[in-house]
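K.L.:
Sharing a structure with you now.
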Amino acid sequence: MPDDMSAPLIRDRGPGGDSSASSEPGSPLIGILGTGDFSRSLARRLLASGYQVVVGSRNPKRSAPLFPEEVEVTSQAEAARRADLVFVAVFPEHHSTLAAAGAGLGPALAGKTLVDVSNGLQARRDRDGDGEGDGEGDGEGPSHAERLAALFPDSTVVKGFNTVSAWALQAGPRDGSRQVLLCSDCPSAKRSVKRICRRLGFTAEDAGPLSAAREVEDLPLRLFPAWRRPALCAAALLAFFYLYNALRDVVQPLLLATGGSQKRSPLYKLPVETLNASLPCAALAMLALVYAPGLAAAALQLRRGTKYRRFPARLDAWLRARKQLGLCAFTCAALHAVYSLLLPLRKSARYKIVNMALKQVAEGAELWDEAEVWRMELYLSAGVAALGLLSLLAVASLPSVSGAVNWREFSFVQSTLGYCALAAATAHTLLYGWDRAFDPAQYRLYLPPTFVLAVTPALAVLAGRLALAAPCAARRLQRIRRGWESGRNIRFVLPEDEDGGRSDSSSV
């Protein structure tokens, strides 16, 4: 039995050097036009996967040392003539030079498959503002792949590998699960490139016809498109609460100070104390925003009496942004915990503690307050519980974790435990406020305390969840989500109960 492992990686091409046989029978000879980073990484990956590779360069002698010895570097015309399938790995602005009369690549590439791996310098504008593009272009004309197809009408162009970096090609099998999006108007050419993708260790995904290349080319150029709105929302909430706290705790004392009555400027509170007071408020408000759209969607389904109607576009976008909003809320809560641990280390905090100790010794009075001690104990316990549950929600949102649980487990973590986290965070805030919401002295400049603004939406969301948990609403919502529609004459029967009877039946 022959030993396949002892066979040479690159077989002899014969005396003429013009054979198209590759290292494995039936494998095409792969050509690469271009000698950049992507071209070198692709040549190494193809070589390691058992392909023969020929690289076309405008200066073969200078480019040959950049490639392994097994890779033949020749002129662009020679590489195009000998290759069965060609990767065009040059910048898109240089595509026209390949079709120039002096290059002579048109006849050599006729009837062959060209794989365009290029990307633009700037993504097309997003018309609807959702950060996902509309696939219709932006007035800049066709995609690079479509322009390449127009330059070489006798060749078949496949758009692909533009979403894969040179590092991913060099990393080898550990990045083999990375997807490669392919689009072309020729199914047979697309199948040929798919076979190469699988042999290189990648997963090929059909992205449609060549007209979809405009969308595929924009994918590597987008910077966290799903995070744009949630990040702006988080920044706006944090800025609002920071300015609100600064107005109440810093600006107001400065305005009311007269003469030398202001011994110490309250501006020292801005870097740490004011920021630490703003982070939990922003976290609680964002956590309320995570579960508010689910309540709105449920209320809309109850009102419509069906689940087969699309939600409004804004509500749909809000629902899809819940994961990002939750992670932003967790970030603010974690920063609040870190800042809180650092509060006693500040010089101002130690100064206040020494002053309180001296005052207690001078007056001979004990400062122990039973109600205040219990408030602080419960306040800290609820905060730790809320942060722990938020940490669990953040970990469960990771793709590697969410992919390892079933739908019921994922729903339990994200819904049931999520509402528990919201309730714990709300209790943490209420224990912090205690009875200060009813103290007129806390309404400085006629502004309510900050925790009142933060806890109000959270209480509204929890109240809405309790309303939907009522038997009348929960039962109707369950039927709707199982296919029941108001106004249709369809018999709907719930599963049998423990007594063997029917728990409910109604005419739809």
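Each residue, glycine too, has its Cβ placed from N, Cα and C.
Found this in TrEMBL, in case it helps:
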REGION    1-29  region 'Disordered'
DOMAIN    30-120  domain 'Pyrroline-5-carboxylate reductase catalytic N-terminal'
REGION    123-144  region 'Disordered'
TRANSMEM  277-303  transmembrane segment
DOMAIN    281-423  domain 'Ferric oxidoreductase'
TRANSMEM  324-342  transmembrane segment
TRANSMEM  378-398  transmembrane segment
TRANSMEM  410-431  transmembrane segment
TRANSMEM  451-474  transmembrane segment
K.L.:
Taking helix as H, G and I and strand as E and B in DSSP, count the residues of the domain 'Ferric oxidoreductase' (281-423) in helix, strand and coil.
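P.N.:
Taking each residue of the domain 'Ferric oxidoreductase' (281-423) in turn, the totals are 121 helix, 0 strand, 22 coil.
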K.L.:
Same chain, outside the transmembrane segment (451-474) by at least 6, Cβ under 8 Å from its Cβ: which residues?
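P.N.:
Answer is 241, 244, 280-282, 284-285, 287-289, 291-292, 295, 298-299, 302, 419, 422-423, 425-426, 429-430, 432-433, 437.
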K.L.:
Please indicate, using numbers and ranges, the residues of the same chain that are 6 or more beyond the transmembrane segment (324-342) and have a C-beta under 8 Å from a C-beta there.
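P.N.:
Same-chain residues near the transmembrane segment (324-342) but 6 or more away: 226-227, 229-231, 233-234, 238, 272, 275-276, 279-280, 282-284, 286-287, 289-290, 383, 386-387, 390-391, 393-394, 397, 418, 425.
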K.L.:
Across the domain 'Pyrroline-5-carboxylate reductase catalytic N-terminal' (30-120), what are the DSSP residue counts per state (helix, strand, coil)?
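P.N.:
Helix (H, G, I), strand (E, B), coil: 38 helix, 21 strand, 32 coil.
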K.L.:
What is the pLDDT of the domain 'Ferric oxidoreductase' (281-423) when averaged and given as a whole number?
P.N.:
91
